[in-house]
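See below for the structure under consideration.
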Amino acid sequence: EAGEDCDCGSPANPCCDAATCKLLPGAQCGEGLCCDQCSFMKKGTICRRARGDDLDDYCNGISAGCPRNPLHA
């Protein structure tokens, strides 16, 4: 939601302060296909495997989301 860095609905998230919905100091992310142990996964890590004649999607190293491969048809 607006103003929140992470989902504070789960107090078990080790990257998020459940009271403030803000990332803990040193954490880059709290969730997402390209977030691993509170850090962005390195650029080029596959975050979504291809299905059919689709292409793999890769982490970009600067966000927790899994951006769509720009070469998709």
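Each Cβ is built from the backbone N, Cα and C atoms, and glycine gets one as well.
What Swiss-Prot says about this one:
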| type | residues | note |
| --- | --- | --- |
| DISULFID | CYS6-CYS21 | disulfide bond |
| DISULFID | CYS8-CYS16 | disulfide bond |
| DISULFID | CYS15-CYS38 | disulfide bond |
| DISULFID | CYS29-CYS35 | disulfide bond |
| DISULFID | CYS34-CYS59 | disulfide bond |
| DISULFID | CYS47-CYS66 | disulfide bond |
| DOMAIN | 1-73 | domain 'Disintegrin' |
Neighbouring C-beta atoms (10 Å sphere around the C-beta of CYS35 (disulfide bond)):
22
Fill in the CA-CA distance, CYS15 (disulfide bond) to CYS6 (disulfide bond), as an integer in Å.
8
Which listed residue (CYS6, CYS8, CYS47) has most other Cβ within 10 Å, given these are disulfide-bonded residues:
CYS6
Could you check which of these disulfide-bonded residues, CYS6, CYS29, CYS34, CYS38, CYS59, CYS66, sit within 10 Å of CYS16 (disulfide bond), going Cα to Cα?
CYS6, CYS29, CYS38
For CYS16 (disulfide bond), the three-state class that DSSP assigns:
strand
